[in-house]
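For reference, the structure is listed below as structure tokens.
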Amino acid sequence: MSQDSSSVLLAVEDKVVGPPALQYPAIAPKGSNGTDGPAMASEGRAEGPKRKRREMPAAGTEEWHRLRRDSHKEVERRRREVINKGIDQLAELIPGSEKNKGQIIAQAVQYISRLRATEEKNIEKWTIEKLLADQAIAELTAQVEQLKGENKKLRGKLSKHKSEEGESEDEQEDEQVDAPVEERAAAAAAEASKAIAEEKTKGKKKPSKKKKKASKS
């Protein structure tokens, strides 16, 4: 292996290649003894003093382009893994989905569209039901208040009627009590006048008898 290749490998070991948003360590080729280059470097760092980082190859060189290609391949591979994992999750969620990725995505779009349409219908239905329920509650509340007012009026009339009935009953009782008294007074007056009349008649009859006796003698 040439000196330039060794310097490139050392640079790959210590540098992270890729765009700032997706930085992944570059894949280094295996060494001549069958072990990985980074493992050898780590063993060397463990055994000897810490080695300084090597500079990246100059921009535009063949090694620079090769490192960029390797980094791009790694980024693309990981991106495909994420996409495939997401498609597999969609296949598990969607009922009766196919194994083909394109069909899985198409079925996912249809399924989501159906769910959205169903949700919109449910929201509209629930909104109408809520408005009707609020209206019914308001009407029932008004009816309850009206019934309360009518009940209050009826209670007032009933209490007034009871009080009037109580007064009339008292008057009737007074009349029933006063009637026997008046009758007894009238009867007593009649008896007194009768007794007076009888005494008067007796007084008139006595002199007439004396006159008869005198005439006979």
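Cβ coordinates are placed from backbone N, Cα and C, and glycine is handled just like the others.
The annotation compositional bias 'Acidic residues' is assigned in TrEMBL to 166-177.
Tertiary neighbourhood of the compositional bias 'Low complexity' (186-195): none, as no same-chain residue meets a CB-CB distance under 8 Å with a gap of 6+ residues from either end. The compositional bias 'Low complexity' feature in TrEMBL is assigned to 186-195.
Annotation source TrEMBL lists compositional bias 'Basic residues' at 202-217.
Taken together, the residues in the domain 'BHLH' (67-115) have a mean pLDDT of 86 on the 0 to 100 scale. Taken from TrEMBL, the feature domain 'BHLH' applies to 67-115.
Residues or ranges marked as region 'Disordered' by TrEMBL: 23-77 (among others).
Look at TrEMBL and you will find 148-217 (among others) tagged as region 'Disordered'.
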DSSP helix/strand/coil residue counts for the compositional bias 'Low complexity' (186-195): 10 helix, 0 strand, 0 coil
